[in-house]
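S.K.: According to Swiss-Prot, the topological domain 'Cytoplasmic' annotation covers 1-11. Taken from Swiss-Prot, the feature transmembrane segment covers 12-35, and the record attributes it to sequence analysis. Annotation comment: Swiss-Prot describes H31 as bacteriochlorophyll binding site. Per Swiss-Prot, the feature topological domain 'Periplasmic' maps to 36-59; the stated evidence is sequence analysis.
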Amino acid sequence: MNQGRIWTVVKPTVGLPLLLGSVAIMVFLVHFAVLTHTTWVAKFMNGKAAAIESSIKAV
């Protein structure tokens, strides 16, 4: 492991909670952004059927 020396600078009891906490915050922010900036994700999460926006005409 080439990043093993990081624990000589930061204790694992401090570094691991910071790392896992920052990952959890980023995951929350990404999910919040997807839910607030799309119209179909919230409906999908609530079990609604997908609506077809346009129909394809047969040739």
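First residue shown is number 1, and so on along the chain.
Glycine too: its Cβ is placed from the backbone N, Cα and C atoms.
Here the structure is a predicted model, which means the values were calculated and not measured.
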S.K.: Need one number: mean pLDDT over the topological domain 'Cytoplasmic' (1-11).
M.R.: 82
S.K.: When DSSP states are folded down to helix, strand and coil, where does the residue listed as 'bacteriochlorophyll binding site' land?
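M.R.: The three-state answer is helix.
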S.K.: Could you give the number of helix, strand and coil residues in the topological domain 'Cytoplasmic' (1-11) as assigned by DSSP?
M.R.: 5 helix, 0 strand, 6 coil
